[in-house]
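According to TrEMBL, the features are:
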REPEAT    50-91  repeat 'WD'
REPEAT    100-134  repeat 'WD'
REPEAT    146-167  repeat 'WD'
REPEAT    235-276  repeat 'WD'
REPEAT    277-311  repeat 'WD'
DOMAIN    332-396  domain 'SAM'
DOMAIN    401-473  domain 'U-box'
Amino acid sequence: MATLLHTLADHSDDVNYCAFSSSCLATCSLDKTIRVYSLSNFTELPYSPLEGHTYAVHCCCFSPSGHVLASCSTDGTTVLWDTRDGRRLAVLEQPGASPVRVCRFSPEATYLLAGAADGSVVLWNVQSLKLYRSGKVKGGSLMACAFSPNGNFFVTGSSSGDLTIWDDKMRCLYNEKAHDLGVTCCDISSHPVPDSENGFKYFQMASCGQDNHTKLWLILFADFLGVQLKYKCTLNGHSAPVLACAFSCDGQMIVSGSVDKCVIIYETSTGNALHTLSQHTRYVTTCAFAPHSALLATGSMDKTVHVWQLDLKQPCAGDIVENESKVAVEDWSEDDVSAWLCAQDLADFVGLFKMNNIDGRELLNLTKESLANELKIESLGRRSKVLQKIEELRMTMISVSVPDEFLCPITRELMNDPVIATDGYSYEREAMENWISTRRSSPMTNLPLHSLMLTPNRTLKMAISRWLETQQK
C-alpha cells in the first residue's frame, strides 16, 4: 500500500527535485527557491524558503550528516547552505559558468560533485571548498550522477545517452550507451548484491531516459578486474520519457516518475510493478525515498510535492532482521550490539565496543565526542558512519513503536484528543484547529474542506488508551 500522507504546494513553478535527510525534506523549483520541511509535521522550517539563486534551481541534496544542503542552478553555481539556520555557507562557481544540472555529496562528505550543461563534471573538496578534480563527458549535457555506497566510484549520465563510470580521482573507467535518446536520472543502491559463484559483490544501479525505459544494471568494481557494467533488465510500465528513478533505503524497491504523469514502484528482485500512483496532473520530475522511514516524495511540473507513506514488507537499513525476539534496543546486551554491528558492515568495531561494555543503552547515547575521546576512533569518516547507523536505529525505533493510525497526520505524534474532520481523516484536535485557522484545505488531500466541523473520535481515543496500557505492562 502507498497512502498519500501530505501534499506540499508552496512552490510557484515546476518542482525540479526533492531530497530527504533523516529529519527534513528539501524541494527546489523553477521559481529559484529551495524549500525545507520538517518530517515531524511537514511544516516549513523558519528559514525556508532559501533564496539566492538568480535562475531556476535544478537539483538539491543533503550531506550524509544532514547538516549541509547543496543546491545547483542555471545561474552556473552550486550553493551550500547550513540546515540548522539557513545560512549560505559558500557559492561554488562552475568552470565556464555553465548551468549546473546535478549535484551530489560523496558518502563520507569529502567531495561534492557538480555536473553541468556543457558536460563538465567537477569534484569540490567540501572542507577547503576548492576544486579537487574536473572532467568532461563526450557530446552532451550532464544530466545525472550517483556515488557508490563506498565512495570508490561514481556514475554520470548524459543527454547523449551514455553512462560513464569514474573513480574518485576523476579517471574515466567505463562508458556505455544506455539510453538512445538520453539519460535523465540514475541511482545506485546502498545494498550490494553478492555473487555466490565468484564471491564478488555487485552494486545495483538504475537508470532512466527519454526512451521511456528504466533499466537495471550490475556494476562490479575490483582492482584486479577493473570495472564491469552488466545489463540486468528493463522495467516496463511507462508510456512516455522517464525523468526520475530511485532505490528505496533497503534496495528492495525502485520508484520512477514519468512524462506520462505516473509514478511506478517496482520490486527490485522481480521487476514487477507493485504500485502505480497517478495523482500528479503534469510531468513527474523527481522521486525520492526517505533514508530511515517508509516515506516517498514525488514532485511534478504541477508545482506540488506529494509525500507518501509506504507499507514496507521488508525493513529499511537500520532494522535488525535477525532480532526475532523484538527486544527493545535499550535492553540489548553487548552480544546484541555485536550482532547489530555485523549487520551494518561494522564488524571491525565489535572488539572495541565489547572492550568498552557498550550495550543497547550505551549505544543509543554515543555521540561524536564519545566516539572520538572515549572509544578513540580516529577516522572522521568511520565515526560518521557509526553515528549515521545509530541515527538510523533511533529513527527505526520511533517509526515502528507507535501504530501509524495513532499518529496525527499533521504532527506525526501520538494523538491525545483525536477528532474527525470532514475529509474523513482523524487529527489531533489542537493541531487541526491551528491548521484550519489559517486555511480551509485538507492536510491529507489538499482539497477544500466543505465544513470546519471537528467531531470527537472516541473509538480511536479508546484504542489509543488500550494500546498505552499494554505498553506500560
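In case you wondered, yes, glycine gets a Cβ from its N, Cα and C as well.
For the domain 'U-box' (401-473), the mean pLDDT of the prediction comes to 84. Counting same-chain residues at least six beyond the ends of the repeat 'WD' (50-91), those with a Cβ under 8 angstroms from any Cβ of the stretch are 13, 16-24, 26-36, 97-105, 107-109, 112, 114, 116, 124, 126, 129, 384, 387-388. Residues 104-108, 110, 113, 115, 119, 121, 135, 137-140, 173-192, 203, 205, 207, 209, 217, 219, 221, 227, 229 of the same chain lie 6+ residues outside the repeat 'WD' (146-167) yet bring a C-beta within less than 8 angstroms of a C-beta in it.
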